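**Q** Just passing along the structure, written as structure tokens.
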Amino acid sequence: MLLTWDAAAVRAAEEPLLRDGAPLMARAATGLAHHVARLLRGARGAVRGAHAVLLVGGGNNGGDTLHAGALLARRGVRVTALTTVAHPHAEGLAALRTAGGRVLPVPDGDLPAPVRDALDGADVVLDGLLGLGARRGGVRGPGAGLVAPLADLRGRAGAGPLVVAVDLPSGVGVDDGTCAGPVPVADVTVTFGAPQPAHVLPPAAGAVGDLVVVDIGLDLAGPPAVARLEAADVVDLWPVPSASGHKYVRGVVGVVAGSAAYPGAAVLATSGALRAGVGMVRYLGDAPVVAAHPEVVAGPGRVQAWVVGPGVGPDDDVQRSRARDAVARAGSHGEPVVVDAGALDLLPPHVPPHVVLTPHAGELATLLTARGAAVSRADVEASPWEHARRAHEATGATVLLKGPVTVVVGPHGAAYAQADGPPWLATAGAGDVLAGVLGAVLAGRAADVAADPTLPAALAALAALVHGRAAHAANPGGPVTASAVADAVPATVAALLGGTAR
Ligand SMILES: NC(=O)C1=CN([C@@H]2O[C@H](COP(=O)(O)OP(=O)(O)OC[C@H]3O[C@@H](n4cnc5c(N)ncnc54)[C@H](OP(=O)(O)O)[C@@H]3O)[C@@H](O)[C@H]2O)[C@@H](O)CC1
Ligand SMILES: Nc1ncnc2c1ncn2[C@@H]1O[C@H](COP(=O)(O)OP(=O)(O)O)[C@@H](O)[C@H]1O
Ligand SMILES: [K+]
């Protein structure tokens with residue numbers, strides 16, 4: 001599991017070390033220079049003779065970058081620092097000059113020809129404009145004028161420089177992953193001490209590239225902020241049947257989905273649940289689910305978890321009433337419920353955290369707006385984390401917000417950001433499959449969910465991980481249908497479990 005800590009926690013961990021005189025900046029710069037050298041060797045076969053351009057802001061982030069530049073210059077790299085403030089980090093600047101680096105000030109407005117030429121000829125660009133100290137509002141001042149030219153250079157297919165973000169892509173909201181203005185997009189981010197929320201949260205995570213963590217000796221105390229489940233975590237969370245388990249022990253999922261207008265959603269949601277390995281699926285509705293999946297049992301009965309809402313239309317009073325009953329049972333009987341799509345407007349004012357909402361950005365905006373906050377889809381996309389948290393706080397539910405990075409928020413600080421699927425996964429019906437997979441894991445672990453209010457969030461992240469990886473497996477590098485994603489779930493789970501059985 002990848003854990004992140006917020007800016008305050010990282011600063012608090014640095015503080016006692018700095019008081020004792022630990023050379024944190026030297027450690028950071030050494031690690032940074034090491035990774036940049038490795039990248040240069042990989043890209044051009046040698047470190048010596050490469051051209052590195054440093055984008056230097058006014059704080060310690062610029063200081064790390066200048067010191068790393070000095071170390072690279074000593075290894076034969078031609079280094080040009082583009083300084084965007086009158087007084088960049090003094091020691092770093094002196095070190096770079098002593099090592100033979102060149103310094104070019106960047107004025108406000110149009111970039112002078114030497115600055116343009118330096119960028120044009122760079123093998124690697126180190127983005128050291130802003131790190132932990134970035135305040136909301138995006139990069140301001142002369143540094144802002146470097147972001148667009150850098151994006152143009154990266155756009156040159158195969159010919160642009162490598163971009164390495166120092167600690168963080170400059171200007172991102174460290175704790176919430178927002179990008180208030182244009183942000184330099186990195187191929188690799190080298191961070192120091194511990195990852196931070198912006199490294200995993202959208203939209204900032206899209207500018208991070210590969211993440212490298214340099215150990216500078218920080219001892220992070222206190223709870224982490226946002227987590228990201230990795231493949232190795234699946235074995236601890238997935239409901240693997242015991243040798244003696246029968247189908248009711250494994251869990252029964254009740255599905256309320258589909259309508260005359262959207263019968264396919266019911267087929268896809270049940271596919272997701274069946275392929276994830278549930279004991280049984282009971283289906284309530286009129287869609288041709290049993291014809292598609294003869295193993296489904298039609299009609300009511302006991303269930304361990306519900307999936308309600310996929311393909312349920314606004315005028316379908318029968319399905320809506322069933323969905324409402326299932327949500328009510330979550331309160332009275334404790335059965336977990338996945339509330340998706342057409343059931344999201346049926347929530348009572350407050351629900352327990354084993355009610356898991358699975359909106360996309362538009363649905364989350366509608367949900368929050370119905371509760372008195374005027375929120376648009378664009379607002380949610382600009383700050384998915386903040387809005388998922390607001391939805392959790394407003395409803396009490398665990399919230400899984402779908403998107404390129406899927407964000408999950410539950411009680412007691414439970415928080416995940418999963419980026420497992422390819423963009424091909426953004427296809428009609430994919431969300432229905434996810435709802436089914438999530439229903440299956442909630443049913444399989446219903447007893448544990450009753451004992452741990454944070455577990456639904458972990459299981460929601462688990463379902464997103466498996467769903468995303470199934471999309472890769474369904475057709476590596478190419479288009480997928482929602483049905484194909486569902487079909488790839490069993491083999492994806494088997495691979496992630498590594499053939500283990502309990
Ligand atoms: N502590 C340590 O020893 C260690 C710290 N480490 C490193 O230090 C970094 C944190 O350094 P930091 O605290 O100096 O902040 P940093 O990110 O450089 O930015 C501050 C500068 O930016 C400016 N500024 C702010 N917002 C702005 C905006 N929107 N647009 C434009 N400018 C803006 C602000 O100016 P102001 O606006 O306040 O006048 C100020 O000049 C951290 O990320 C890591 O790299 C590592 O070496 C490990 C050891
Ligand atoms: N750019 C993207 N990259 C990866 N996954 C994406 C991207 N955009 C959307 N997704 C995923 O695709 C799925 C789409 O679900 P949803 O919008 O509910 O579709 P539907 O309602 O048609 O089933 C979600 O799992 C979402 O996380
Ligand atoms: K940076």
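Every residue gets a Cβ built from N, Cα and C, even glycine.
Keep in mind it's a predicted model, so treat the numbers as computed, not measured.
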**Q** Can you find which of Gly429, Gly431, Gly436 TrEMBL lists as binding AMP at the same site as Lys402, Gly403, Pro404, Val405, Thr406?
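**A** When TrEMBL describes the AMP site, the candidate it includes is Gly431.
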**Q** Using the Cβ center of Lys402, Gly403, Pro404, Val405, Thr406, Gly431 as the AMP site position, which other residues in that chain lie within 8 Å, going by their Cβ?
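**A** Here the non-site neighbours turn out to be Pro202, His360, Leu401, Val407, Gly421, Ala464.
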**Q** Work through the binding-site residues one by one (Ala265, Val405) and point out the residue whose CB has the fewest other CB atoms within 10 angstroms.
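**A** Looking at the binding-site residues Ala265, Val405, the Cβ with the fewest others within 10 Å is that of Val405.
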**Q** Counting across all protein chains present, how many other Cβ atoms fall within 10 Å of the Cβ of His360 ((6S)-NADPHX binding site)?
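**A** For His360 ((6S)-NADPHX binding site), the count of other Cβ atoms within 10 Å is 18.
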**Q** In whole Å, how far does the CA atom of Gly431 (AMP binding site) lie from that of His360 ((6S)-NADPHX binding site)?
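**A** One finds 9 Å between the Cα atoms of these residues.
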**Q** Setting Ala265, Gly311, His360, Asp432 aside, what same-chain residues sit with their Cβ within 8 Å of the center of the Cβ atoms that define the (6S)-NADPHX site, listed in sequence order?
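**A** These residues sit around the (6S)-NADPHX site: Ala257, Tyr262, Leu268, Ala269, Gly309, Pro310, Asp340, Ala341, Gly342, Gly429, Gly431, Ala435.
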